[in-house]
Amino acid sequence: MTEPILKVNDLSVYYGKKKALHSVSIDFYPNEITSLIGPSGSGKSTLLRAINRMGDLNPEVTVTGSIIYNGHNIYSRRTDTVELRKEIGMVFQQPNPFPMTIYENVVYGLRLKGVKDKKILDEAVEKSLVGASIWDEVKDRLHDSAIGLSGGQQQRVCIARVLATSPKIILLDEPTSALDPISAGKIEDTLYGLKEKYTMLVVTRSMQQASRISNRTGFFLAGDLVEYGNTKEMFMNPQKQETEDYITGKFG
């Protein structure tokens, strides 16, 4: 059986005294898309941010438990968070390209690593934009501002920016919720094409999106992981009443 690429063990996250995640344990597998679903405030985005150690930036956040990646707990003192975030990249709900050219957006992480060779940078830009399914749309205007792109194009440039650092895992926090249906469909197609090379965790409020793109789905409610398993099986035959009620739209 395939070994998990990421193991979350007994993870709890607190914002001050408020417990946002309750002893969650969940494994993620290589070259799969996992959807995290649940109503607002259920803990799904909190889990994503814990995997990327974004809580480090907030003194109110306390994390207990462990997240094992490459055989090591990412919350150990030895973890280099800069290197971690290169291997576990993140794409946010609102497209957030930097106020610079499309080219410079994509190579931003490489420049931080000290890469200066133009050939290497050029190759990374093309490869990453191809991977994000936007190369043909922007190849003739790489030195135009990314801010001038449509929302869907901006989001795909943000995906390309993550791809350029050669991550193993990509975290996506509601990456299509701010986009129109056509742009959202292009993002879904892009993600589906990327799973041959990457492991992806996608927070989504769309049951249809989860059913279309993901291999596995985790349902969160009030900080608890209620159910986790094969997406088709969960949607056809949920094991918990809360899961069925959420999937069928009785609450959420």
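Glycine too: its Cβ is placed from the backbone N, Cα and C atoms.
If you look up Swiss-Prot, you'll see 6-247 marked as domain 'ABC transporter', on the strength of sequence analysis.
Around Ser40 (ATP binding site), a 10 Å sphere centred on its CB holds 8 further CB atoms from the protein chains shown. The secondary structure of Ser40 (ATP binding site), as reduced to three states from DSSP, is coil rather than helix or strand. What Swiss-Prot records for Gly38, Pro39, Ser40, Gly41, Ser42, Gly43, Lys44, Ser45 is ATP binding site.
Within the same chain, residues at least 6 positions away in sequence whose Cβ sits under 8 Å from that of Ser42 (ATP binding site) are Phe220, Leu221, Ala222, Gly223. In the three-state DSSP scheme, Ser45 (ATP binding site) falls into the helix class.
Candidate binding-site residues: Gly38, Pro39, Gly43. Fewest other C-beta atoms within 10 angstroms, Pro39. Sequence-distant neighbours of Lys44 (ATP binding site) (same chain, six or more apart, CB under 8 Å from its CB) are Leu36, Ile37, Gly38, Val203, Gly218, Phe220, listed in sequence order.
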